[in-house]
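As recorded in TrEMBL, the features of this protein are as follows:
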- 712-726: compositional bias 'Basic and acidic residues' (COMPBIAS)
- 727-736: compositional bias 'Acidic residues' (COMPBIAS)
- 743-753: compositional bias 'Basic and acidic residues' (COMPBIAS)
- 273-360: domain 'Ig-like' (DOMAIN)
- 364-443: domain 'Ig-like' (DOMAIN)
- 453-537: domain 'Ig-like' (DOMAIN)
- 543-635: domain 'Ig-like' (DOMAIN)
- 690-763: region 'Disordered' (REGION)
- 645-666: transmembrane segment (TRANSMEM)
Amino acid sequence: MLHTVVLSWQEALSSESAPFKIVSLSAGSLSKAVLCHSKDERPRNGGKREKNEMYLALLVIFLQCSGLYTQEGVFTFNTVEIKVQPSVKVKNGAPMSIVCRADISKSTDFQLKHNFTIFKDGKVVFMTVTDKEDAKYGIPVARSSDTGEYKCTVEARGKTKSSNSLHVWVKGMTKPILTAEKEEVLEGEVVKLRCELPEEVPPLYFFFRKIKTNSTPKEKSVFEPHRNFSEMEFSVEEADNILQFDCFGRRFVQREFEESEHSNTTLVTVREPFIKPTLNAKPSSNITEGDRIQFECSTVVARMRDIEILLQKNKTILKSVQDEVLKYSTVATLEDSGEYLCKVEQGRASKMTKLNVVVSELFPKPTLAASMSNLDENKELTLSCSISGFRKANFSILRKNSNGDILLKNSRNLTMRVNVNDTGSYTCKAEVKGIVKESKPVRINVYAPVSKPTLSVVSGLPEVVLGKPLWLICRSAMGTPPIIFTFYKGNEVKKRVTNDTYAMFLDENIRQNDKRGYKCDARNNHSSGMKTSNILNITVIVPIRDASLGSIPYGEVEDGSETAFLCSVKEGSWPIHFRLFRKTDREVLLFEQIENADRVMWHKKAMKKQDTGTYFCMASNRANVDVKSHPITISVILATWKKGVIAAFALILIVGAVTLALYWFLRKKKKAKGPSLEMSGSALATNLTSEKLTRQPNDGDYYSGSGYIEDNENHVKSADESKGPDLESEEVEYTEVEVSTLDPHRDSVENRHSRIQGHPDAT
């Protein structure tokens, strides 16, 4: 804000100061001092009029000066732009400038200080304050590390504006510098190298190359995420003489790799720690079996420390020494023909020499012949050993064994009577001039005859459930394997199996009425031929099917009466295991029995109320499958004779109650007649009784009691008035009850003749 501070004109009128005023104007960091002079410089002690004119002139000047200050310092930023010179892609090592320019609008032409700040990847790299509207950040030598996102910000008098981001790519990388730890090394040692990319910013990729004359360079790479140098080791191999090494770098920019030029070439000289060894065979590399051959391998070393010489053949080390010379001798055999290798090692360095040796055959391998290869026990066997075209040799016949060969005889021929334990492999050996050769083995098989085989069912019992597979096993207790077993069903061959002591057969085609028996025979290479087992007959067990349960009587059963339960099956092999259950809140086994029949009946002598419930039966046989019948419900009701007793007892109670009530009523009425009736009561009673007894019974009225007295109205008026309704109309009414007596004998006969309801086999 613009603040103007002026000396008060009232103070000026009363002040005796000089004929000018100082006005201070401030705006941010900008401040000015303005001196306004008056045109009248008259002395202070002039007249009053002159003073007033002077002050008036000063006031006018003050107002003009303050008007000038109020219009100064209004501006706004239009745009801020950032540019790169010469372009956004700059070659590595070339000069580069980042220019930031601000476009500003002002109210008047006045000077304005600008604060320019340039950022690279969010970090400040340049700052300046100037009254110009642009600023330049110069980079004399651009490097790849100058690649990035640039942005500038301009600030003036509290106002700030930023430019858009601009990506600058400095193409190319600095040339790497390669150094070697040693300029001269020995074979087997390593060369340590260091490659550095100065002025480059990680992450970086380093590539090292080992260059040999007339060969493809070997290259190794390393990724360095946090430093601008890397180190690498190369081993010095045999035949390396003068080695050259160089390196180069790569970095990932704008989704592509950028590669530096190759570094300086570093030379490394290689010295041999020892010369290539020499290998000789004495008397010659071409010798005959039985002759002694001697190998000699030697070298010359620069220093003896850690030197080793090895002689090997087909990856087998024959001898090794820690010296400059190795010697090795042996009696030559055919197996000694081949390539020999002498190898000298010291540290990581190694050199080798090869020599091919040919050993000529002194005599061929012997041949073992047998009179028979397969023979019966107790037969005679003859073995004979021979060498084609060569007879002077020491022969021996042996039997092969896992724990070592067994010598049978030091002779060309061997005859013996064999048994089963003599089965095995036999060889013979021949020795000439210390050279021993062995023939190919001959297999001899001695057979004992097979015993009569036994045929049985694997499960044990000679039976099978219909629909289930049948496994049979045929065994021969004696006989030299292999034994050939043959299975028959009837006279039909079903299967042949070759095994040692037993064989198994599976028959999955079992029928209910299959009457064919099974048998097997066994034979081996013994001359006695085959042996046949006994015939095995198999019982086919038919599983239980469709169990059912019925009862006599069915449904409702009188208490105390006998009930018969019949459980039967539609199909199943005997014997059959029948079980009868009653189910209320739990299942209770009532009866079980094994029968050689397809049904069983159980009698319950006296049924009780607690026997009410649901009944079912289960049947099973050796097929071990429980078949459950449909349940039936039995309700135990009251017996007929008990109903009659209860009815008779109820009738007696009703008649007794009625009689007692009538007696009570008549007695009460009699007492109500009073003592005045006692005299005439007897005569009247006699007449009334006679009269009542002569009345017909079909009128439905019955009378009982000592008397029903009729008198004139005057005589009983007082009593009639006191009793209410006319007593002549009162009569005792009786209800006729017809009692029908039940015949329990008749009912029992009817129940016995009723059929068994609920059972399909009931009659």
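Keep in mind that glycine also has a Cβ here, set from the backbone N, Cα and C atoms.
Each residue of the domain 'Ig-like' (273-360) gets a DSSP state, and the totals for helix, strand and coil are 3 helix, 58 strand, 27 coil. Along the domain 'Ig-like' (273-360), the predicted structure has mean pLDDT 88. Secondary structure of the domain 'Ig-like' (453-537) per DSSP, as helix, strand and coil residue counts: 0 helix, 43 strand, 42 coil.
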